[in-house]
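Engineer: Quick one: the structure is below, questions incoming.
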Amino acid sequence: MDMDGLKRQAAARALEHVQDGMKVGLGTGSTARQFVELLGERVAGGMKVIGVPTSEATRAQAEACNIPLTTLDEVDRLDLTVDGADEVDPALNLVKGGGGALLREKIVAAASDRMIVIADDTKWVDVLGRFPLPVEVVPFGLAATLRAMATAFAQSGVSGQMGLRKGNGGHVFVTDGGHWIVDAHLGRIADAPRLAGLLSLIPGVVEHGLFIGLASTAVLAGAQGIRVVERR
Ligand SMILES: O=C(CO)[C@H](O)[C@H](O)COP(=O)(O)O
């Protein structure tokens, strides 16, 4: 089966957890896209749910699928968020933000009673860090923020190149929130919670792509079938 087929399988399994009347966070990326498409089919069939999208791209897709939407200004908690990830480790800590939506993704996940991560099984890693860590920053004072990030890396025992993410045409990639993203090539993050805490202390860092203790379930689709991992 091709990658899209695996992503769809994971999305379909997560859909089994969506019940009538739920408020659902809608993730971003190619795997979350499969979930939104399948949810749209359920809505067309009469299921009553209300979604909160984690990006403008997901909002556009959900609207096209006629999924009713709301915001976190209008509802308090969400029952469930279903989102993809760039990496998942055995503690269900994640690297996210490959699609640049990490800030809204984390806000929505943190407002949810449960987060189910859906992915093909290439995203499963023993230790986070093979995928470059996205860090959303404000443009003002970028050099100072990069220096502070390098210090945070050293204090948590990692190092590596940092690069400002470029989008189409080589222009700086701008997030839905109007910020920039620095991708940090760290290789191996032995203590992800510590690094997450240190990055959160830096004034110019808006948010980082380490999702610690947010995911409760991972649904991983591979050639051998689907594996469901619950956080202990
Ligand atoms: O964090 C994300 C977007 O900010 C995505 O969930 C992550 O990049 C995985 O994307 P895909 O499902 O396309 O592999």
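Yeah, the Cβs are placed from backbone N, Cα and C, and that goes for glycine too.
Features from TrEMBL:
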- T28, G29, S30, T31, D83, G84, A85, D86, K96, G97, G98, G99, K123: substrate binding site (BINDING)
- E105: active site, proton acceptor (ACT_SITE)
Engineer: Can you tell me which of these binding-site residues sit near ligand 1, meaning the Cβ is under 6 Å from at least one of its atoms: S30, K96, K123?
Structural biologist: S30, K96
Engineer: Can you tell me the CA-to-CA distance separating A85 (substrate binding site) and the residue listed as 'active site, proton acceptor', as a whole number of Å?
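Structural biologist: The Cα atom of A85 (substrate binding site) is 10 Å away from the Cα atom of the residue listed as 'active site, proton acceptor'.
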Engineer: Note the Cβ centroid of T28, G29, S30, T31, D83, G84, A85, D86, K96, G97, G98, G99, K123, the recorded substrate site, then list each other residue of that chain whose Cβ lies within 8 Å of it, in sequence.
Structural biologist: G27, A32, A101, E105, A119
Engineer: Need the DSSP three-state call for D83 (substrate binding site) to compare against my parser.
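Structural biologist: DSSP call for D83 (substrate binding site): strand.
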Engineer: May I ask you to report the DSSP-based helix, strand or coil state of K96 (substrate binding site)?
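Structural biologist: DSSP call for K96 (substrate binding site): coil, neither helix nor strand.
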Engineer: Within its own chain, what residues at least 6 apart in sequence put their Cβ under 8 Å from the Cβ of T28 (substrate binding site), listed in sequence order?
Structural biologist: P53, T54, S55, A57, T58, D83, G84, G99, A101, R104, E105
Engineer: Quick one: what's DSSP say for S30 (substrate binding site), helix, strand or coil?
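Structural biologist: In three-state terms, S30 (substrate binding site) counts as helix.
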Engineer: Using Cβ atoms only, which residues of the same chain lie under 8 Å from K123 (substrate binding site) while being at least 6 residues apart in sequence?
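Structural biologist: Residues satisfying the criterion: G84, A85, D86, E87, V88, L220.
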Engineer: Looking only at T28, G29, S30, T31, D83, G84, A85, D86, K96, G97, G98, G99, K123, which the record lists for substrate, tell me the maximum pairwise CA distance in angstrom.
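Structural biologist: Pairwise Cα check on T28, G29, S30, T31, D83, G84, A85, D86, K96, G97, G98, G99, K123 gives a maximum of 15 Å.
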Engineer: Are there residues of the same chain, six or more positions away from G98 (substrate binding site), whose CB falls under 8 angstroms from its CB, and which are they?
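Structural biologist: Same-chain residues close to G98 (substrate binding site) (Cβ under 8 Å, separated by 6 or more) are G29, D86, F131, P134.
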Engineer: Give me the count of other Cβ atoms within 10 A of the Cβ belonging to the residue listed as 'active site, proton acceptor'.
Structural biologist: 32
Engineer: Within 10 Å of the Cβ of D83 (substrate binding site), how many other Cβ atoms can you find? Include all protein chains, please.
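Structural biologist: If we count other Cβ atoms within 10 Å of D83 (substrate binding site), we arrive at 31.
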